[in-house]
Amino acid sequence: MSNSRNIVTENSDTTSNITSSNITGLPVFLTFLYFFTFLFIFPVSKFIYKFVNINKSFKKESTARLNATAPITPNTTTITSNSSETATSPVEGESDALPTTFVEQLPSLEPATSTSYDYEHFFKLFILSILLLIPSLSYNLSLSISPAFDTAIIQNVSIFEITFFLIGLFGQGTKKNIFRNYVISMITLLGVLLISYSKATSDLLAGKLVLNKETGELNDPFLFDRLKGALICGLGALPIGLFYVLWNKWFNNSKKNICTLEEQSKHITIIGLINSIILLPFICNLSYKNNINLLFKEKYSFWLPILVIILAGIIPHILSLFYLIGNLTPEYSITTNQGTIILMGVSEWLCEPNQTTIIRSEILGYLALTTGCILLSSTFKTKKKF
């Protein structure tokens, strides 16, 4: 009997160690996988860039063939001959010279200046890497404590609030209809408040401190755990606002930098490499833990969802954000955080229809959030003007 009791206590100790190390080890590994995925952003963007250029050249060739097979009138022959003569006639002294605009854009940097520029460029990327590492690690840590929908609400609301505030503070946003946009953003936050109050597992208002009269314990034993996860995720998401502002100032300004998809992808790939190197010592330490090794051996239950998330989630999300940030106003891209909350609610209802109960106040919250998201998107959907 004593041996069996010892075995039971040893098994309980090992399971408790596994669960505790799961909480501390798995978020670090998921964060490492997230930033390691950034290394594939640059090759994918380069492939997309070449694919688009091939399509453009194919369209030009097809239109040229159609023009060649079309009948030519005498007037068009004279016009084309004159245009060809003017196009082929060289200007004296400028046959081997580059255009003036291109000459002005050529960097005339000395080696010392170029080295200092490289150090400054790397220092900027390192700062952005740290600002992106903190929210990602806090998000994965919060997922191990709180439900996924609660974590999505907290993170997206925090990112929307801090980014919207800092964009207006640093003067990077539009200065039209400021009060109107502020009122609409308050309506969307009110919708999020209604949704969170209606959710039975929410961390904002629905989790209530109620004691059981018979036992003297909490009716909700995981209330403070979920509250801890909400605080970690909400406070950890605040550096995203500073990351967004600095990114627009340093690398998304056409007066100073080339705002192409290839250049932006190169920057984010370097950021992913820096954060992967920072997290690599922790990953090497995790390889000695039995629970992580057992989790890695699960081929379909662990690696298949990770692969789907990388191919269908992370890479398309980053490339689409680059497109929005590079072509539209800075405020437009932060409306995607509101859309994420809406899609999380829809996906939860589709994946777990028997476990989700939708009440009237939650529907009103989704309507307010959707209306505010559409109004803000239509307001901010204007092309950049530098």
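Here the Cβ of each residue, glycine as well, is placed from N, Cα and C on the backbone.
Please treat TrEMBL annotations as automatic predictions, because they have not gone through curation.
According to TrEMBL:
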- 75-89: compositional bias 'Low complexity' (COMPBIAS)
- 75-94: region 'Disordered' (REGION)
- 26-49: transmembrane segment (TRANSMEM)
- 122-141: transmembrane segment (TRANSMEM)
- 153-171: transmembrane segment (TRANSMEM)
- 178-197: transmembrane segment (TRANSMEM)
- 229-247: transmembrane segment (TRANSMEM)
- 268-288: transmembrane segment (TRANSMEM)
- 300-325: transmembrane segment (TRANSMEM)
- 363-380: transmembrane segment (TRANSMEM)
Counting a contact as 3 or more Cβ pairs under 8 Å, with residues at least 6 apart in sequence, do the transmembrane segment (229-247) and the transmembrane segment (122-141) touch? yes
Residues of the parent chain within Cβ reach of the transmembrane segment (363-380), under 8 Å, 6 or more residues beyond its termini: 174, 177, 180-181, 184-185, 187-188, 190-198, 328-329, 331-332, 335, 338-339, 341-342, 345
Sequence-remote partners of the transmembrane segment (268-288) [C-beta within less than 8 Å, at least six residues beyond its ends]: 25, 28-29, 31-32, 35-39, 41-42, 125-126, 128-129, 132-133, 136, 318, 322
